[in-house]
Structure formats: structure tokens, C-alpha cells
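A.B. asks: For reference, the structure I am asking about is given below.
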Amino acid sequence: MSGEFDFIQTYLSDRQMNRKDVHLSLGDDCAIVKAPENVRIALSTDTLVAGTHFLANANPAWIAHKALASNLSDLAAMGATPAWVSLALTLPTIDEPWVKSFCDAFFELANYYHIQLIGGDTTKGPLSITLTVQGFVPEDNALTRDGAQIGDWIYVTGQLGDSRAGLEVILDENQRHKPFASELEKRHYLASPRILVGQALLDLASAAIDISDGLIADLGHILHRSEVGASLNVEDLPCSKELLDFCYSSRVAQQYALSSGEEYELCFTVPEENRGSIESALAHTGTLVTCIGQVRTQGIFEVLHHGKPVDWQLSGYDHFKA
Ligand code: ADP
Ligand code: MG
């Protein structure tokens, strides 16, 4: 393959149905798109760098899934409907089996969520992937971090902690013998962005965020922006059977659930009056949701085990912390 142009032709062009709102896609200097009436555009960019977000020798299909899923998760956290994505790809070489596997997985996930690749850039250098996703939110409504009120209930989707266990398996050979090690490794890469849940929560949740740095850190962002506090009940944290076996103890699994990053589950708050509607509003999504605590006055942050404060050291992930 001779280079960037061939790569675009062979692996990126004509891989998707053309959305009606895409007037010009790959091939010109810019893409041209048109949003429907009465929507606003939600837009987000995320970068994944080899060695930081994935190992360079990881399965390319899993890398592609993680890159797109983590970006779609930001749209989900706003209640947005995915529309368009652009892809800035930096590759050390154009290794054909690698790019084929990467692109096949990318388009499989993109097609599932009706998000169209409309442009991007391809350069040579250390492996890194930057995606910009765009989606639609109603003109008068989006899930933001700043709406939580005292008394609201705190929920999470899915199960928490698996991603951290998977990451430990990826980084430490000695963890491979533990129960469900390869299943958890796979889950680390193959998150399901909670697009349908986010959309269904638009009229029900007071605040939402996706869990990328860990529950404690990301709930912390909601609390900070909403100027409130919280209490969490660790016995209610949803942990998978595989995680419980991997950790050999429910206490350790709960600690993973509180701190595990890159989960791409949603954490959201629901006013008392909407609580009864949550189950039916989310039934069609087939997604587990669990109430794990309640919003309190600012300054309070309690992590309770059957009503008693735990004394665990808790933190989330920050790229620039030592
Ligand atoms: P320019 O030199 O004008 O930046 P390029 O040669 O970089 O154009 O790209 C040609 C076309 O291919 C553009 O429409 C661009 O959006 C698209 N493109 C290039 N790389 C990618 C990529 N990794 N993903 C999607 N589209 C791409
Ligand atoms: Mg270019």
C-alpha cells in the first residue's frame, strides 16, 4: 500500500450508509453536514495514546472499539443521539492486517449507533487515535453535571469494577492465573456506551456523567458542579460475579467498583418524584440500573457499609497526578 490516500480509499471510504444529513463526507477539504431543526449539537473529543490508554500490541479491533466507545459514552452522558464522527489517526506504519482489523471493528460499532465517519486526518508517528464525535440534543434539554439537588437518588448503569480488574490483567502477567482474568481483560476494552439510557434519562435525571476516571472521581464532578454532597452505600454497588471471584472478596470488589476508571457506565441523579418512572423508562434499554446512594448537603461525602463509614483510601484517576 503506497500511503495515506490508498489507506483512505481501501479502508475508510464507502464503508457506511450515507446519513441524509451528511452532504459531503470523506474526500474533500471539509465535510458538510446539516443538523435538523430544533436540536443543538453536542460535541466531544477524546484521544487514546498507545502506552497510556492501551498497549501498542493490543488487539486492534479492541483498540478501535475502546476509542469509539469512550467517545460515544460522552454523548450518552449528555443524553445525545450520535450523528457524526471524525478520526485523526497517527500510525507508525500502515500495517495492513492491523488497519483492516481496526477499521472493521470501528465501522461495526459506528454502524450500530448510526454514527457516520465524515472526515479526519492520517499521519505517521507514534500510534494515537483522536476522535471528535457530534450528536443531537433537544434545544431545551441535555443531561449536564450541574443539576443534582439535595435528596436526589444516585444511580449507576451496569456493573462496576471489571475494567480495573481487566487493566490489572493487561499490565501484570502474574494476574493471569486469577479467575476470569481473560474475560475481564476483554471487558476492559469492550464497554457498551449507554446511548439509549442517556436518551431515556433526558426528562428524568437531574445530572449525569460517564465513569471514565472512577465512580468517586466522576461523582465528585457532579457534586462539585451542583454544589452538593453525597452518601454512598457500598453494599449496593453492582459488582459482577466474575469480579467477585477475581478479587476473592466482596470488600476488595467494592473498592474496585468505587475507583475503577474507563468503565463507560453512567452515574446519574434522579429526583424523588421521578424515581418511580426509572424502571419503566429504561426497560427497553435492557440495561441494569442500581441506586447506590443519595445527594446530601454540600461538604458531606460519606461512603457507608451498612450505615457505618468505611476507612478505605479512595481516589480516581488523574493523568497528571504523580
Ligand atoms: P487535506 O490535505 O485537505 O487535509 P487529506 O489528504 O488529509 O486532506 O484527507 C483527504 C480526505 O480524507 C479528507 O476528506 C479527510 O477528511 C479524509 N480523511 C483523511 N484521513 C482520515 C481518517 N483517518 N479518517 C477519516 N477521514 C479521513
Ligand atoms: Mg489532512
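From the backbone N, Cα and C atoms, a Cβ is placed for every residue, glycine too.
Pasting the relevant annotations from TrEMBL:
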BINDING   Asp29, Asp74, Asp210  Mg(2+) 3 binding site
BINDING   Asp29, Ser44, Asp74  Mg(2+) 4 binding site
BINDING   Thr45, Asp46, Asp121  Mg(2+) 1 binding site
BINDING   Asp46, Asp74  Mg(2+) 2 binding site
BINDING   His53, Glu262, Tyr317  substrate binding site
BINDING   Gly120, Asp121, Arg145, Ser212  ATP binding site
BINDING   Asp213  Mg(2+) 5 binding site
DOMAIN    27-137  domain 'PurM-like N-terminal'
DOMAIN    150-302  domain 'PurM-like C-terminal'
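Looking at the shown structure, what environment does each listed feature sit in?
C.D. replies: For Asp210 (Mg(2+) 3 binding site), applying a Cβ distance below 8 Å and a minimum sequence separation of six or more within one chain yields Ser73, Asp74, Ala76, Ala77, Arg194, Asp218, Tyr264, Glu265, Leu266, Cys267.
Cβ neighbour count for Asp29 (Mg(2+) 3 binding site) (all protein chains, 10 Å cutoff from its Cβ): 6.
According to DSSP, Asp121 (Mg(2+) 1 binding site) sits within a strand segment. Counting every protein chain shown, the number of other Cβ atoms lying within 10 Å of the Cβ of Asp121 (Mg(2+) 1 binding site) is 11.
Counting only same-chain residues at least 6 apart in sequence, those with a Cβ under 8 Å from the Cβ of Asp46 (Mg(2+) 1 binding site) are Ala67, Ser70, Asn71, Asp74, Thr130, Leu131. Secondary structure at Asp46 (Mg(2+) 1 binding site), taken from DSSP and collapsed to helix, strand or coil, is strand.
Cβ neighbour count for His53 (substrate binding site): 18 (other Cβ atoms within 10 Å of its Cβ, all protein chains included).
DSSP assigns Asp213 (Mg(2+) 5 binding site) to coil in the three-state reduction, placing it in neither a helix nor a strand.
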A.B. asks: For the C-alpha pair, I'd like the distance in angstrom between Asp121 (Mg(2+) 1 binding site) and Asp213 (Mg(2+) 5 binding site), rounded off.
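C.D. replies: Rounded to the nearest whole number, the Cα-Cα distance is 28 Å.
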A.B. asks: Tell me, if you would, which residue among Ser44, Thr45, Ser212 (binding-site residues) has the fewest other CB atoms within 10 Å in the structure shown?
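C.D. replies: Sparsest of the binding-site residues Ser44, Thr45, Ser212 by Cβ contacts within 10 Å: Thr45.
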A.B. asks: From the centroid of the CB atoms of Thr45, Asp46, Asp121, the recorded Mg(2+) 1 site, which same-chain residues not already listed sit within 8 A by their CB, in sequence order?
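C.D. replies: So the additional residues around the site are Thr47, Ser86, Leu87, Ala88, Ile129, Thr130, Leu131, Thr132.
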A.B. asks: Of the binding-site residues Asp29, Ser44, Thr45, His53, Glu262, which one sits closest to Ser212 (ATP binding site) when you measure Cα to Cα?
C.D. replies: Glu262
A.B. asks: Near Glu262 (substrate binding site), which binding-site residues out of Asp29, Ser44, Thr45, Asp213 have their CA within 10 Å?
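C.D. replies: Cα filter at 10 Å returns Asp213.
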